[in-house]
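Here's what TrEMBL has on this protein:
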DOMAIN    A:1-197  domain 'Heme-copper oxidase subunit III family profile'
TRANSMEM  A:21-42  transmembrane segment
TRANSMEM  A:62-81  transmembrane segment
TRANSMEM  A:93-109  transmembrane segment
TRANSMEM  A:129-151  transmembrane segment
TRANSMEM  A:172-194  transmembrane segment
Amino acid sequence: MKHDTSLALEYRTEENENRILGFWLFLGAEIVLFSTLFTVFFTLSHRYGNGPTPHELFELKGVLWETFLLLTSSFTCGLAIHSMRLGLKKPMMTFFIITMLFGLGFLGVEVTEFITYVHDGATIQTSAFLSSLFTLLGTHGAHVTFGLLWGTAIMIQVKKYGIDEATANKSFIFSLYWHFLDVVWIFIFSFVYLKGLM
Amino acid sequence: MKQLFPVKHVMGYIFSLILSLVALAVVFFDMSFAAGMTILLVAAAIQASLQLFLFMHIDETSSKKTLYLNIVYALFVGLVTIFGSLLAMIWGIV
C-alpha cells in the first residue's frame, strides 16, 4: 500500500505514522491504569478512619487553579502543534514554553497542596481514603513531572534541528501525552474533588 | 498573528472552561446526588471528547477506526473494572 503523503509532516513516513499509532495504543493502556486507580479510590473513598473527610480536607481555590493551569497548558500545546503544522518554528517554541510553564505552575500548586495536607496530619498512612487519594493524584502528578522533562527535551531538539519529519513526529506524540494528562485531570477534578465536596 | 489562534481551538478552550464552571455548579447548588453525578459525567465526557477530537486530532488519518476501537476498548475495560468493583464491594448487589 502506498503511503499517504498528503498528511501533516509528522505522519509523512510509514514509520512515523506507526509511532503515532503505537502511542495511541499506549494511551489505551494508560486509560486502564488510571481506571484501576479510580477504582481503588471509589472503593476506599469513604474509609476515613481517624483522618479528615473530603469536606474537611479539600480546598476549592487550589483545585480551581490547577484546573485552569492544566486546561490552559493543554490549549497552548494545541496551538504549538498548530504553529508547527504551519511550519512556524518561533511561535511553536513560544507556545511550547508557555505550555511547560503552566504545567510547572500546576505542579507547584499540587505540591503545595500535598505539603498542606501532610502538615495538617493527613498523610498517605492516615486512612484508606488518603492512601487511595495520594496514589491517584501522585500517579497523575508523576506523569506531569515526566511530561515536563520530556517536553523540555523535545523543545531542545526542535530548537537545534528545526521542524523536520523526526522532530514534528516527536512533538506531536508529546502533545498527545500532554492532552491525555488534561483528560485524566478533568476526571480527577470532577470525581475526586467536586464529588467529594458535593 | 491571527493565524496562530485558529477559531476552533479558541472556541474549544473557552468551551472547556465553561464546562468546568458547569461542573462546579454541583458544589454551589443544592441538588440530589443523582443530578450532581449526571452533570459531572456529561460535562467530563464532553470535555474529554473535545480534547480527543479537537486537540489530539484522533480523526484525521485513515487509521481512525483503529484508534476509536482502541479507545473504546480501553474505556470498556476501565468501566468494567470500576463498576464491577463498586457492584461487588460497595453497592453489595452481587
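Quick reminder: no glycine exception, Cβ is built from N, Cα and C everywhere.
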Checking distant contacts: for the transmembrane segment (A:93-109), what same-chain residues at least six beyond its ends satisfy Cβ-Cβ under 8 A?
62, 65-66, 69-70, 72-73, 76-77, 79-80, 83, 141, 144-145, 147-148, 151-152, 154-155, 158-159, 171, 178
Against which stretches of its own chain does the transmembrane segment (A:129-151) lie, if we need a Cβ under 8 Å and a gap of at least six residues from its ends?
33-34, 37-38, 40-41, 43-49, 51-54, 70, 96, 99-100, 103-104, 106-107, 110-111, 114, 117, 122-123, 174, 177-178, 181, 184-185, 188, 192
Where does the mean pLDDT land for the domain 'Heme-copper oxidase subunit III family profile' (A:1-197)?
95
